[in-house]
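Engineer: So Swiss-Prot says this about it:
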ACT_SITE  Ser187  active site, acyl-ester intermediate
ACT_SITE  Asp400  active site, charge relay system
ACT_SITE  His440  active site, charge relay system
BINDING   Asp256, Asp259, Ala261, Asp263, Ile265  Ca(2+) binding site
DISULFID  Cys27-Cys74  disulfide bond
DISULFID  Cys62-Cys113  disulfide bond
DISULFID  Cys186-Cys441  disulfide bond
DISULFID  Cys255-Cys272  disulfide bond
DISULFID  Cys281-Cys291  disulfide bond
DISULFID  Cys503-Cys525  disulfide bond
CARBOHYD  Asn52  N-linked glycosylation site
CARBOHYD  Asn97  N-linked glycosylation site
CARBOHYD  Asn137  N-linked glycosylation site
CARBOHYD  Asn233  N-linked glycosylation site
CARBOHYD  Asn311  N-linked glycosylation site
CARBOHYD  Asn516  N-linked glycosylation site
SIGNAL    1-18  signal peptide
Amino acid sequence: MTKLSLLPLLALASAVLAKQDAFQAKCASFGHRIKLPNVHVNFVEYVPGGTNLTLPDNHVTCGASSQIVSADMCRVAMAVDTSKSSQITLEAWFPRNYTGRFLSTGNGGLSGCIQYYDLAYTAGLGFATVGANNGHNGTSGKPFYQHPEVIEDFAYRSIHTGVVVGKQLIKMFYSEGFDKSYYLGCSTGGRQGFKSIQKYPNDFDGVVAGAPAFNFVNLISWSIHFYSITGSNTSDTYLSPASWKVVHDEIVRQCDGIDGAKDGIIEDTDLCHPILETIICKPGASSTTNCITGTQAKTVRNVLSPFYGVNGTLLYPRMQPGSELFASSIMYNGQPFSYSTDWYRYVVYNNPNWDATKWTVEDAAVALAQNPYNIQTWDADISSFQKAGGKVLTYHGIQDQLISSDNSKLYYARVAETMGLGPEELDDFYRFFPVSGMAHCSGGDGAYGIGNGLRTYNGAEPENNVLMAMVQWVEKGVAPEFIRGAKFSNGVGSPVEYTRKHCKYPRRNVYKGPGNYSDENAWECV
């Protein structure tokens, strides 16, 4: 190759290098340009793709000391005052491969943890992304104690503040600004998405809200009420994990085939009403390896029953059957649920010594009457979001061990009744997809790989990815009729055993054949 023929290649390489240098230079100088009210820049740094980013300031309970970053990006770390006595820690990740889209991530549990894996996931897909710590650090609810401003940040203000600041920063960093804004969150993040829809209907064009923790105060009470059913691990009413496996196996035996296929997955728990007398030990049985006592059967029946208040009002629907194995070590472990204990101690009663083992349904009434900053997130009139042209896609794992998927069905019904809209009308802006075989936000026994994060990723195509399906809905008007899930052989990144199209509610999946249950085309939404 002659020197003359090399010139075009050298020119191209120089142009690419110049572009890279320009992006890095812009990032290096960006911190000095940020002059926004209440915003205090901690640092700005360029992070090359492939970096394993260390996170020394991440609280130890948040569980992440590092995060692999897949794309070149400019990282902006800030503190933003939300009142005279509160502030959020906020990060904005601006990728080189920017697609003109803004996105906010959410949080989980009671936590004040920036979800760096969601920042990495969405920035890698070309979104300019923000994530905040919800106004406090760590997974405990103790920072709420006698700090109403911190509770307000947690209830709604952290997300909205991050959106306002993030959109301003995008316009400063990218000359083209942004075209559309999106939200992605699960659990508490799902609740935050719906809180944005209800309170700030213009914040997002598209919201992907998974396993939402709305009906929040009653969820807190529902979660702690399991202890009053199971008792401690020395009680006759308590079931060990091994006993819960006996229960689970029997529930699957009775309900698995209702959908037409014996694949170990319950497609529609609305049709599953297990008869637990079948596994009560026979009189004089010398072993309880494959059976439970009558007292334990009553425990299971109560666990799988709706939760009612002091006046008989439904507070929270039943735990859906099929989640027993995942829930046994968390919800039915012979101890009051830790998040609920924290909420009652540090918010409801402002008493760090409150004894969670003494909880009664009267306490649930006190908590609901309090409902600070309307954290319930249970408003069913979302017409302002509809009129603003917003779209919401919500999904919920049918094996969810922390938040009953029946609660998402209940909210869907409330919206339909409040707004006077049937499924066809709701489809214009609100679509709900129950996901069989999915536990809480990820994991499970079935096809849970729907692309709602790094742990469920199976491609960026809209048909395989709920976030990109939302982008296609917002930007091209093509709404998802199903969301495809992947069943991994051993977690994300391992071979895919099969895929399944999860139906849009209120339709449900039925095996029609021909072919094996692993063939997604052998199933039909009815």
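Positions of Cβ are set from backbone N, Cα and C atoms, glycine also.
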Engineer: Want to know which recorded positions, from Asn137, Cys255, Cys291, Asn311, Cys503, are within 10 Å of Asp263 (Ca(2+) binding site) at Cα; which are they?
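Structural biologist: Checking each Cα against Asp263 (Ca(2+) binding site), there are no hits.
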Engineer: List the recorded positions among Cys27, Ser187, Cys291, Cys441 whose C-alpha is within 10 Å of the C-alpha of Asn233 (N-linked glycosylation site), in sequence order, or say none.
Structural biologist: none
Engineer: Check each residue in the chain of Cys281 (disulfide bond) that is at least six apart in sequence and keep those whose C-beta is under 8 Å from its C-beta; list them in sequence order.
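Structural biologist: Within the chain, Cys281 (disulfide bond) has Cβ neighbours under 8 Å at Thr288, Cys291, Ile292, Thr293.
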Engineer: Could you tell me the C-alpha distance between Asn137 (N-linked glycosylation site) and Asp259 (Ca(2+) binding site) in angstrom, no decimals?
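Structural biologist: Distance (Cα to Cα, whole Å): 44 Å.
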Engineer: Can you tell which of Cys113, Cys291, Cys503 has the least company, meaning the fewest other C-beta atoms within 10 angstroms of its C-beta, among these disulfide-bonded residues?
Structural biologist: Cys291
Engineer: Provide the number of Cβ atoms within 10 Å of the Cβ of Cys74 (disulfide bond), excluding the reference atom itself.
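Structural biologist: Around the Cβ of Cys74 (disulfide bond), 23 other Cβ atoms lie within 10 Å.
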Engineer: Among the recorded positions Cys27, Asn52, Cys62, Cys113, Cys272, Cys441, whose Cα is within 10 A of the Cα of Asp256 (Ca(2+) binding site)?
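Structural biologist: Qualifying among Cys27, Asn52, Cys62, Cys113, Cys272, Cys441: Cys272.
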Engineer: Would you kindly give the Cα-Cα distance separating Ser187 (active site, acyl-ester intermediate) and Cys27 (disulfide bond), rounded to the nearest Å?
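Structural biologist: For Cys27 (disulfide bond) versus Ser187 (active site, acyl-ester intermediate), the Cα atoms are 33 Å apart.
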Engineer: Rounded to a whole angstrom, what is the C-alpha distance between Cys441 (disulfide bond) and Asp259 (Ca(2+) binding site)?
Structural biologist: 23
Engineer: Which of the recorded positions Ser187, Ile265, Asp400, His440 has its Cα nearest to the Cα of Cys272 (disulfide bond)?
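Structural biologist: It is Ile265, whose Cα lies nearest.
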Engineer: Hey, of Asn52, Cys62, His440, Asn516, Cys525, which of those recorded positions are within 10 Å of Ala261 (Ca(2+) binding site), Cα to Cα?
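Structural biologist: Cα filter at 10 Å returns Asn516.
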Engineer: In sequence order, what residues of the same chain, 6+ apart, have a Cβ less than 8 Å from the Cβ of Ile265 (Ca(2+) binding site)?
Structural biologist: Asp256, Asp259, Ser436, Gly437, Asp445, Gly446
Engineer: Counting every protein chain present, what is the number of Cβ atoms, excluding its own, within 10 Å of the Cβ of Cys186 (disulfide bond)?
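Structural biologist: Taking all protein chains shown, Cys186 (disulfide bond) has 32 Cβ neighbours within 10 Å.
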Engineer: Rounded to an integer, what is the Cα-Cα distance in Å between Cys62 (disulfide bond) and Asn52 (N-linked glycosylation site)?
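Structural biologist: With distance taken Cα to Cα, Asn52 (N-linked glycosylation site) is 17 Å from Cys62 (disulfide bond).
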Engineer: Could you check which of the recorded positions (Cys74, Ser187, Cys255) sits closest to Cys503 (disulfide bond), going Cα to Cα?
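Structural biologist: Going through Cys74, Ser187, Cys255 one by one, the closest to Cys503 (disulfide bond) is Cys255.
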